[in-house]
């Protein structure tokens, strides 16, 4: 049984820290937006909510960001689908959800993509960032508990896939999560950055809307 992996970030090491919603292979769009934000790779950090691949056209270029010191990512359900495809040797579920690009690249690029995707077997599902005034928690889809605690083992499928909390909030069933000030999620597309209680949703459908959203932690 796979355990939930956590990572904590020392905010004092960075001038600015941004969280970006699901990139989905929209590498050029990401670079354009970072330039608009005056992002500096030398002093700033970018945290991705996962789903860096699929649906967009620049998947390997996006994955290569994992080699840079200024970019980190939690695991998204699309990275999880890729890992499952590698393990089971059955890529059908991944391919119909956008993973078809993997078979369209050269053998050399496919090997590079495989190596980068396999690093998600060690990457965190949940990232915590504490600044001088607030504690932030980043996960792909949800933190499936009423109270957050670093290292707590929560349901991994819900962290990667669940839409229940957001759908409930959209229907007026809004509840804060204790244990941190702000939770930042991607996964389910919203028209614009959306906040319910202390939860912020920033997947604005980069691959179909051309809108890639960010949240500034510091």
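Each residue, glycine too, has its Cβ placed from N, Cα and C.
Here Swiss-Prot has 22, 24 binding Mn(2+) 1, and the candidate from 44, 51, 84 in that same listed site is 51. Neighbour list (residue 24 (Mn(2+) 1 binding site), Cβ cut-off 8 Å, at least 6 residues apart, same chain): 51, 52, 53, 54, 55, 56, 78, 98, 206, 207. A distance of 11 Å separates the Cα atom of residue 22 (Mn(2+) 1 binding site) from that of residue 77 (Mn(2+) 2 binding site). Listed in chain order, the residues near the Mn(2+) 2 site other than 51, 77, 187 are 22, 49, 50, 76, 78, 140, 141, 160, 161, 186, 203, each with its Cβ within 8 Å of the site Cβ centroid.
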